[in-house]
């Protein structure tokens, strides 16, 4: 922890080459709904675990999260997945053009109708149900 802003968040120094600056907003410090006392819980000089979620290209500062639920996610965005990766998801919507599958709390993917099965499926609603668990690739 490099700097604490009481009601806003933390600036972190990331040990990398070259060293990077990161910011964690107070809403991403913990999964808890209660607002932590940042200066008391994270004094300057302390170390913590975080996950990079974004990069602010304007100022070059990494956006990070310290939420355990975010750190433990297998992936945060579509680019984290390589083509052919096997994932599990839950059907959240069924449309004529395909099925929307929730892969994580932060990501939903579309399976186009021509990729739903080895044979053509004309009505996805006949094969899939809402909240159905599916394996995808």
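Including glycine, each Cβ sits where the backbone N, Cα and C put it.
Features reported for this protein in TrEMBL:
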type	residues	note
DOMAIN	1-67	domain 'S1 motif'
DOMAIN	84-137	domain 'S1 motif'
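With helix defined as DSSP H, G or I and strand as E or B, the domain 'S1 motif' (1-67) counts 7 helix, 26 strand, 34 coil. Using DSSP to sort the residues of the domain 'S1 motif' (84-137) gives these counts of helix, strand and coil: 7 helix, 26 strand, 21 coil.
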